[in-house]
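Notes for the one structure printed next.
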Amino acid sequence: MSNHSASNSPQNITITRPDDWHLHLRDGAAMASVLPHTARQFRRAIVMPNLKPPVTTTEQAAAYRDRILAALPMGMEFEPLMVLYLTDNTPPDEIRRARDSGFVHAVKLYPAGATTNSDAGVTSLTKCYKTLEVMQEVGMPFLVHGEVTDPAVDVFDREAVFIERVMQPLRRDMPALKVVFEHITTKDAAHYVSEAEGPIAATITAHHLLYNRNEIFKGGIRPHYYCLPVLKREEHRQALVKVATSGSDRFFLGTDSAPHPKGLKEHACGCAGCYTALHAMELYAEAFDRAGALDKLEAFASVNGPAFYGLPRNSGTVTLQRAEWSVPDELPLGDATVVPLNAGETIGWKLA
Ligand SMILES: NC(=O)N[C@@H](CC(=O)O)C(=O)O
Ligand SMILES: [Zn+2]
Ligand SMILES: [Zn+2]
């Protein structure tokens with residue numbers, strides 16, 4: 001990773017301990033491998049429910065939460081914030097159960113076929129309106145993978161088309177529903193979330209702040225840079241940096257760290273997802289530093305997310321230092337390995 005540093009920029013930065021508002025922890029041995037990377041940096045994380053089979057009930061979320069806490073190394077403080085996977089058949093009562101549990105903090109929309117483990121996802125949002133109405137009533141956030149699945153729509157346009165075809169009609173019908181537009185990747189989504197009325201926010205990954213789509217094709221096809229929504233043109237990356245560093249409280253940190261075994265990424269039909277949990281805060285520091293906006297990192301990483309979710313800010317701090325270190329080539333992932341983003345490269349920030 002190229003190392004830009006303005007001469008007057010600080011050598012280190014201390015911020016309130018951050019949270020990750022979009023994380024894939026997987027399950028079993030793979031989860032046990034990756035969980036410490038997240039818990040080292042983040043006090044809490046929104047844990048995505050796209051397991052096989054998906055986490056569709058409060059009862060399943062309770063069991064998954066117990067498995068996460070059981071896998072947490074002694075002495076690490078980490079709170080998993082659980083999410084239900086919405087299906088065409090999620091009953092409205094399930095939302096009330098989720099709300100009453102105290103540990104389910106959101107419900108996730110995977111349009112059927114849009115991404116990893118989305119086969120059980122929603123085929124048409126209109127089928128879910130009774131359930132969404134209860135979410136609106138009880139203030140349960142709706143987390144949205146915002147891409148249309150229409151094969152006629154170009155893969156680079158699927159997020160922008162989703163805004164017109166799904167997001168705007170949904171929010172006209174449910175104006176008080178709290179919506180998080182997850183892992184936004186376009187200037188269209190950045191503008192929409194900036195300007196829209198009502199309770200809406202967006203998460204932004206470190207890789208979408210740092211890279212454009214050229215990265216996938218530099219010197220050959222590089223599968224570890226392939227995720228969904230796919231990286232976009234440079235103008236989109238710049239729009240994301242602009243809103244992330246704008247001071248707007250509608251944008252917050254969500255790594256979308258999505259581990260897949262090396263063999264399924266380096267494959268004829270490779271899985272989508274970038275593994276960034278290892279070095280997430282370091283990557284965000286790099287992105288904010290390049291934008292000359294390190295002073296905006298704390299709001300993005302530690303303040304805006306809890307405010308939107310109605311949760312308290314964390315106590316304690318973390319410190320990031322300007323220091324070079326090499327990202328390992330691969331890391332254990334259960335019986336397999338995972339290749340982190342920037343494998344074998346030197347990066348310029350280090351969590352103390
Ligand atoms: N982002 C990805 O490319 N992949 C995620 C799913 C998702 O968040 O869409 C995964 O679970 O692997
Ligand atoms: Zn997604
Ligand atoms: Zn994700």
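Yeah, the Cβs are placed from backbone N, Cα and C, and that goes for glycine too.
Automatic prediction, not curation, is the source of TrEMBL annotations.
TrEMBL lists HIS24, LEU25, ARG26, ASN50, LEU228, HIS260, ALA272 as binding substrate, and of HIS105, HIS145 the one it places in that same site is HIS145. For the Zn(2+) 1 site that TrEMBL gives as HIS22, HIS24, LYS108, the extra residue drawn from ASP188, ASP249, ASP256, ASP289 is ASP256.
The Zn(2+) 2 site recorded in TrEMBL includes LYS108, HIS145, and the single candidate from HIS183, HIS191 that the record places there is HIS183. Look at the binding-site residues HIS22, ARG26, HIS183, HIS260 and count other Cβ atoms within 10 Å of each Cβ; ARG26 has the fewest. Other than the site residues HIS22, HIS24, LYS108, ASP256, same-chain residues with C-beta atoms no more than 8 angstroms from the centre of those residues' C-beta atoms, the Zn(2+) 1 site, are LEU23, ILE46, MET48, ASN50, LEU143, GLU182, HIS183, THR203, GLY254, ALA258. Mean pLDDT of the predicted structure over the domain 'Amidohydrolase-related' (20-319): 98. Listed recorded positions: ASN50, LYS108, HIS145, ASP256, ALA272. Those with a CB atom under 6 Å from ligand 3: ASP256.
Note on ASP256 (active site): other Cβ atoms within 10 Å of its Cβ, all shown chains, come to 27.
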